[in-house]
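Copied over from TrEMBL:
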DOMAIN    505-582  domain 'DYW'
REPEAT    77-111  repeat 'PPR'
REPEAT    178-212  repeat 'PPR'
REPEAT    248-278  repeat 'PPR'
REPEAT    279-313  repeat 'PPR'
């Protein structure tokens with residue numbers, strides 16, 4: 001346009017300036033600012049707001065403020081204030097957002113829904129919930145909460161802050177709910193680990209006639225992965241095909257994760273192989289899947305292939321491969337990856353990477369090295385890290401170090417009952433009755449209760465849930481009859497090594513009926529011989545049930561896949577994929 005001799009005007013500049021903001025081109029934006037000045041268009045409100053917005057989006061917020069202050073007309077226009085407010089919010093300048101808003105109120109500048117969007121945005125940052133609730137109160141007082149955009153923003157603020165009940169209350173009270181509103185609530189539940197709520201709300205959304213989009217389905221697939229709800233995940237995949245979303249990379253990444261975490265690793269790999277373009281997220285999903293299933297060697301091969309393909313691993317990719325090395329006992333390989341992470345890729349290890357390394361060293365019996373690593377690291381230790389050391393102490397029956405790890409972990413997570421149970425198990429292995437009683441007393445004093453163990457199996461699209469000693473299932477009599485038959489067959493099984501036999505007798509005679517045993521009996525009663533049985537358990541599988549299922553797989557010649565709280569176990573012909581390294 002310039003080469004042709006035509007002159008830009010106040011209608012031309014906003015489009016070019018907004019494009020600079022969208023492409024993050026601050027130098028070009030500054031050149032346009034200069035051109036605006038030379039052509040005398042600086043006082044035009046839409047040109048000025050475009051420039052303020054551009055500087056904010058290009059992280060030059062002080063330039064935006066200077067431009068705002070140099071024009072007295074700005075202080076009279078809501079649109080200019082709104083642009084600067086959004087810029088401050090985008091740059092996490094929370095105090096400046098509040099001061100500017102107060103200034104608007106003092107000067108009597110009109111406040112509208114766009115103003116509130118800029119004010120609410122930074123309230124989702126941890127620690128700003130009190131401010132956010134004040135903003136919500138202001139919106140209600142002046143009727144701005146009826147604006148659907150403001151309501152959606154407030155809803156997102158609550159769920160990001162972990163105040164999921166406040167978010168749901170707001171959601172229920174909103175008179176008009178668009179797809180964005182449903183997505184905000186569904187993904188809020190997903191981000192807070194409330195997978196059951198996600199699936200319930202998803203069904204409600206569909207019953208109201210709303211058609212899901214890719215954002216909806218990503219949240220639903222992540223919840224299917226969390227719950228092991230394979231039938232719902234398959235239904236989502238069919239909808240992806242029907243709605244033309246099959247090539248969406250975000251959904252395909254979510255599908256890989258869902259199938260891997262629901263026990264169908266082959267399907268996950270098929271989706272991965274069929275993707276024309278694979279991002280680091282795609283590679284991380286499939287590497288993590290193989291790691292969970294105990295196939296660390298394949299996970300390592302994929303990680304190396306990703307690097308050879310020119311894709312730079314990020315911190316999450318390193319968590320996946322380090323975890324895979326830990327589950328498969330690839331100690332030296334894990335140490336090598338941890339070493340190149342910072343040295344070659346300039347990625348500073350976080351607490352999650354150190355947790356993987358502590359787990360890796362601990363499982364290998366190198367407990368002192370694991371402790372030294374914790375003491376030498378430059379990041380603050382979290383509960384998961386000390387918990388990894390506590391778990392390793394259980395495997396190797398190191399009571400003294402377990403007590404130290406327990407003291408540290410309950411300082412950080414005093415109400416996490418899993419750690420109390422873990423220490424109690426350490427004492428049980430060491431036959432330390434006094435220690436067991438001490439842990440029980442501590443839990444009683446703190447009014448803590450152990451999370452009940454549960455297992456479930458999907459059969460004909462329905463989830464069949466079992467608790468320890470459960471007798472509520474319609475097939476209870478048949479299930480217990482089948483279980484008694486299996487336990488008698490296990491006790492009579494010949495060909496066991498002497499130490500295995502002793503362990504088996506100890507386990508089978510001292511334990512109650514755990515939930516996974518009931519799930520096994522139910523599945524055998526109701527499925528065909530060629531069907532693979534997939535069981536999901538909320539806690540880590542115990543030694544009793546691990547040995548039981550391993551022997552049952554040989555007796556009935558069936559394959560069992562059990563997903564516990566940490567990994568998958570594939571049982572077949574009397575063997576487990578974990579190779580007793582779990």
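If you go along the chain as it appears here, the first residue is 1 and each next one adds 1.
Every residue, even glycine, has its Cβ placed from backbone N, Cα and C.
Owing to the predicted nature of the structure, the values given are computational and were not obtained by experimental measurement.
Remote same-chain residues near the repeat 'PPR' (178-212) are listed as 148, 151-152, 155-156, 158-160, 162, 164, 167-168, 171, 218-220, 222-224, 226-227, 229, 232, 239, 243 (criterion: CB distance under 8 Å, separation of at least six residues from the stretch ends).
Confidence in the repeat 'PPR' (248-278), given as mean pLDDT, stands at 96. Across the domain 'DYW' (505-582), DSSP assigns 31 helix, 16 strand, 31 coil.
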